[in-house]
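TrEMBL annotations:
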- 3-160: domain 'Aspartate/ornithine carbamoyltransferase carbamoyl-P binding' (DOMAIN)
- Ser47, Leu48, Arg49, Thr50, Trp75, Arg110, His147, Pro148, Leu149, Gln150, Cys269, Leu270, Arg297: carbamoyl phosphate binding site (BINDING)
- Glu142, His176, Lys236, Arg273: N(2)-succinyl-L-ornithine binding site (BINDING)
- 184-305: domain 'Aspartate/ornithine carbamoyltransferase Asp/Orn-binding' (DOMAIN)
Amino acid sequence: MKNYTSINDIDNINNWIAEAKTLKESPLKDIELGKNKTLGLLFFNSSLRTRLSTQKAALNLGMNPIVMNVSGDAWGIEFGDGTVMNGNTAEHIKEAAAVVSQYCDIIAVRAFPSLTDKVKDESEYVLNAFKKHASVPVVNMESATGHPLQGLTDAITISEHAKTKKPKVVLSWAPHIKALPHAVANSFTQAMQKMDVEFVIANPEGYNLSPEITGDTPIIHDQNEAFKDADFVYVKNWSSYDDYGKVLNTDPNWMITKEKLGDAKFMHCLPVRRNLIVEDAVLDSDSSLVIEQANNRTYAAQLVLKKILKNL
Ligand SMILES: NCCC[C@H](NC(=O)CCC(=O)O)C(=O)O
Ligand SMILES: NC(=O)OP(=O)(O)O
């Protein structure tokens with residue numbers, strides 16, 4: 001594998017899950033593989049889990065991680081072609097990516113969407129510019145439209161906790177005060193579509209994800225109906241896709257409660273706002289898998305880095 005930028009880069013999800021589970025059992029077994037190799041992590045946005053678990057994964061493989069907060073700490077990067085750079089950007093992605101490629105064997109990038117310009121966001125211009133102008137492999141640590149390290153993590157976690165051969169998995173929208181990206185929901189949807197699960201999405205009217213992502217997956221506007229007989233309820237807020245980036249609804253009735261959850265397991269990528277997205281009683285109960293999900297971020301990243309290292 002050269003780059004890992006989308007769930008579509010996973011050739012066989014069941015094999016990947018099995019391999020991630022073996023890494024989890026003996027995380028240091030490939031400690032020689034990444035010796036003298038450098039992973040550069042570039043953050044255009046905040047992070048706790050991705051920033052730490054991806055470094056931990058690199059360390060488990062014997063790699064040397066180096067981290068930079070691009071926004072604020074680096075020079076403003078210009079992505080436009082042929083731009084007269086007389087504004088706020090001081091260096092072009094052509095130089096920046098070429099320079100970073102000399103210091104790193106793999107570059108990992110986090111760059112969220114604007115949520116104001118759908119066409120520009122969907123062009124994935126930051127991630128694709130790194131892919132184009134870097135001479136080393138690129139890993140997506142959450143881009144405008146996808147969070148494939150999270151999607152892989154969630155597939156691993158569901159596989160670990162499934163009690164039946166074909167569990168029912170619900171992706172549910174929940175309220176939030178801010179406009180949030182679609183990336184986590186998109187990659188979770190794509191991961192579930194590759195797994196042998198009964199998968200449905202629950203969201204209010206006006207909140208359907210991109211039809212290119214949802215495809216044949218049933219979309220249900222009644223949350224209680226969607227939750228019936230669910231084994232896993234994966235919760236995430238996202239802003240409207242059709243009315244791009246808008247917050248149309250903050251209906252507290254969509255918040256996840258213990259009563260609504262029933263016997264299902266609760267999942268969320270974190271960070272999560274308590275008593276807005278989900279009530280304390282759920283997060284503080286055995287029904288919550290959120291801490292285990294965060295743990296699996298390390299093994300998802302380690303599997304991805306291992307596959308890229310083997311191909312260098
Ligand atoms: N990486 C996981 C989620 C990141 C981001 N969440 C956020 O921005 C939450 C911010 C807040 O709650 O203020 C998202 O939804 O894509
Ligand atoms: N789940 C996740 O990606 O967390 P961070 O945004 O803290 O990295």
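Glycine is no exception: its Cβ is also placed from the backbone N, Cα and C atoms.
It should be emphasised that the depicted structure is a prediction, and the values quoted were computed from it without experimental measurement.
In this structure, Arg297 (carbamoyl phosphate binding site) is part of a helix by DSSP. The binding-site residues His147, Arg273 differ in how many other CB atoms lie within 10 Å of their CB, and the one with the most is His147.
Mean pLDDT for the domain 'Aspartate/ornithine carbamoyltransferase carbamoyl-P binding' (3-160) in the predicted structure: 98. Residue counts for the domain 'Aspartate/ornithine carbamoyltransferase Asp/Orn-binding' (184-305) under DSSP, split into helix (H, G, I), strand (E, B) and coil, are 47 helix, 19 strand, 56 coil.
Closest to Lys236 (N(2)-succinyl-L-ornithine binding site) in space, going by CA atoms and restricting to the binding-site residues Arg49, Trp75, Leu149, Cys269, Arg297, is Cys269. Rounded to a whole number, the distance between the Cα atoms of His176 (N(2)-succinyl-L-ornithine binding site) and Arg297 (carbamoyl phosphate binding site) is 24 Å. Listed in sequence order, the binding-site residues among Trp75, Glu142, Arg273 whose CB lies under 6 angstroms from an atom of ligand 1 come out as Glu142, Arg273. Only Ser47, Arg49, Cys269, in sequence order, out of the binding-site residues Ser47, Arg49, Cys269, Arg273 have a CB under 6 Å from ligand 2. Cα of Trp75 (carbamoyl phosphate binding site) to Cα of Arg273 (N(2)-succinyl-L-ornithine binding site): a span of 32 Å. A straight line from the CA of His147 (carbamoyl phosphate binding site) to the CA of Arg273 (N(2)-succinyl-L-ornithine binding site) spans 19 Å. In sequence order, Tyr4, Thr50, Thr54, Val139, Asn140, Met141, Glu142, Arg297, Ala300, Ala301, Val304 make up the list of same-chain residues 6 or more apart from Leu149 (carbamoyl phosphate binding site) whose Cβ falls under 8 Å from its Cβ. Cα of Ser47 (carbamoyl phosphate binding site) to Cα of His176 (N(2)-succinyl-L-ornithine binding site): a distance of 18 Å. Less than 8 angstroms from the CB of His176 (N(2)-succinyl-L-ornithine binding site) sit Asn237, Val247, Thr250, Arg273, Leu276, Ile277, each of them six or more residues away in the same chain.
In the structure as shown, the Cβ atom of Arg49 (carbamoyl phosphate binding site) sits within 10 Å of 19 other Cβ atoms.
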